[in-house]
Amino acid sequence: MEQKLALILQKCKTIKQLKQTHLQILINCLKNRNFLATKLMSLSSDFISLDYANKVFQDVSKPNLISYNTLIKCSIGKSHENAIFVYNRMRELDISSNSFTFTFLLSCFESFHKLECGKMLHCHVLKMGFESSIFVMNTLLDFYAKCGGDLGLVTKVFDEMTERDVVSWNTMIRTYMSYGEIDFATKLFDSMPEKNLVTWNTVVSGLVKGGKMELANEMFQQMPERNSVSWNVMISGYVKSGDVKSAKAIFDEMPERSIVSWTTMVSGYATTGDIGSARMIFSQMPVKNVVSWNAMIAGCVNCHMFDEALSVFHHMLSDGKCKPDQTTLISVLSACTHLNSHEHGKWIESYIRKNNFELSVPLGNALIDMFSKCGDLENAKAIFEKMPERCIITWTTMVSGLTLNGCCREALELFDKMCSEGLKPDDVIFIAVLSACNHGGLVEDGKRVFSQMVHDFGIEPRIEHYGCMVDILGRAGRIEEAIGFIESMNLEPNAIIWATLLSACKIHGNGSSFESSMRKILEQEPNNPSYLKLITNISSSAGQWQDALNFRVATRDGNMEKVPGCSSIQVGESVHEFVARDTSHPGRKEVYRALRSLNRHLKPMHRNVIALSLFLSPTVTFKKIIKKRSTEQFSGMPYVMALLNCLLYFWYGLPFITRNNYLVSAINGAGIVIESTFVLIFLIFSPKKEKAKVLGILVCIIALFSTVALVSIFAFHKGNERKLFCGFVSMIFAILMYAAPLSSMVPNSFGCVLGAMQLTLYAIYRSNKGDTKKATIYESSETGKGSTLAIPMTDNP
């Protein structure tokens, strides 16, 4: 029965099968059999837990040395305390240790880098006479080599060994190589009495890792025999050094190519940007595994060929021989992020759910980044909340995603939440938080966060942090404060800082700082095409045409070209990339033909569209206008016109409804209707905070002017109540139209034209008031003739 249960234990593949077999051992009263107990402990530690293996051990009434050694072996990588406890228990019961006891203990201590425990065990090895065991001493030598951190200690153990074999020499050579002592390693290699294939591979591998490719190639050519490890080490070394041509030569010489060799070549070509050669090698592979597919996909992503990466991924799915792993999905999600392909990214997220992939930290971070940059903030938040574990990169990605989608205040709150949970921020997340303060106009919060970074967390600011702070202050119009901030931090600004100041000075009209920033940029980065392009554009927008022309000529004469931005669009399952004036797309003729056709149809409609958009644009794009107001819309002309309108309405008291003044009444009536429409649209579509502001202004203005109107009516204008009251109503609507919260809705040109028309009619009305029933405007000419404009008037105003 014992032999039968032992055979059954060897065939156990699941926890359920293992527990059923254990139950049979208990039923048949075989729990005290050390032979079954050792097998059961080994399987229990692998399938279930170390605690379960300990319980199996405790059921054995008289465990032998093999049982103790087995339990110590089960502790490797799981618990060094348990290994020490078992070893001490052996000593208490006077159970003699053997070489396996010490090798298992040393391996356990090595897995936890417990150097002090290893040194104590070294004393026990010497006391119990195991220094003569080459098996134990080799393990001890390897332990010190990996955990000691002291080459002298390893050398001492090697020198004190009474007997050495090829394993001892190989361990010592590998140790010298890992410490960078290549000369000592080669001398030791030359003095070896006997060398095997592992020795040669160790030396070649060490030379490759040390970057000594010529010496490694000499050793490789001298090898009496080679295996796949030898060839792959050389190929990998040449690939890492960027010499793909030499790697291909080694690859072609191989008698047998393993899947590792093929994959290394694919990765090598992809690393150098030769995706065509990588794809050719990949297609020639007789067998592919998931690592091969990952190398091809990652290579495409690293070379910014994101649509090609998606194509390879689709081919992998259709092939069906290898299933994607987390590494595959992370690379593909990166491609979706760069392409802004929300459809593909959403499909991958669904694939992850259906195939029960564990939402690991790297995979979760990739999903959050993809959804955030594709504008799907709700799904990004959902992934963030689902993640069982989060690292600092997770929080940084989420903060950046919120900032990118305009939720700057929420990004700042998320950062504060992270700090309250005890997670220490790094310098990268502070860049994301300062960017949120920058885009959200949160000046005081930005200053608080910067101070928190320096004083509370002791992080030394980088140039990116300074740039964010200068941009925050510059966008708020605090140019002098930004310069003072730079001086207070003893910062020597670079071109990035000056470019930030330059943009801010241009926006807020600070001429002296503008010229200073421009000079500093030209001094520090005179040949940077990006900065020259920035200066050219700002000079053009400021009306400095000669300066813009000079910079443009200098850029052209110096053969400096700014790398153009690339746009992409997804049509069906294909993603098309293009740049300005692109001629590389296969369908460029059809695209440009369609554009020319659109231009021909749009030109006749241009003026009508502009005129119509003045009235319709607030209803179509009203939310966008409210969210992003342009400072250019707040010029002084509307306010001047508003003041003139108010004075004219108040002084003349023009009637809204006058039986004879049809033209004047029609103009004023149309203006009031349009103004009322804008106010109504604003109150319907604007956010609550904006509504509250507008309603507050509305109530204040109406209350103020109603009071003035009523006082004027009953004190000075009895008998003209209707005329004066209608004049005040018209004046209120005019004020509302040009008030600051509403000026972003009406183009300045429209307001100026309407005001000019009203002023003209007011002048005509005033000059002819009560004199005649027909207003005549004479235009001087050479003939002395004039033209007339008949406007029905009344003698009584």
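Using N, Cα and C of the backbone, Cβ positions are placed for all residues, glycine too.
Because TrEMBL annotations are produced automatically, they should be read as predictions rather than curated entries.
For 165-199, 227-261, 289-323, 391-425, the entry in TrEMBL reads repeat 'PPR'. As annotated by TrEMBL, transmembrane segment applies to 636-654, 666-686, 692-716, 723-740, 746-765.
Residue counts for the repeat 'PPR' (227-261) by DSSP state, with H, G and I taken as helix and E and B as strand, are 26 helix, 0 strand, 9 coil. For the repeat 'PPR' (391-425), the residues of the chain that approach it from at least six positions outside its boundaries are 361, 364-365, 368-369, 371-373, 375, 377, 380-381, 384, 432-433, 435-437, 439-442, 445, 449, 453, 457, 459, 627, judged by C-beta separation under 8 angstroms.
Counting residues of the repeat 'PPR' (289-323) by DSSP class, helix then strand then coil, yields 27 helix, 0 strand, 8 coil.
The repeat 'PPR' (227-261) scores a mean pLDDT of 92 in the predicted structure.
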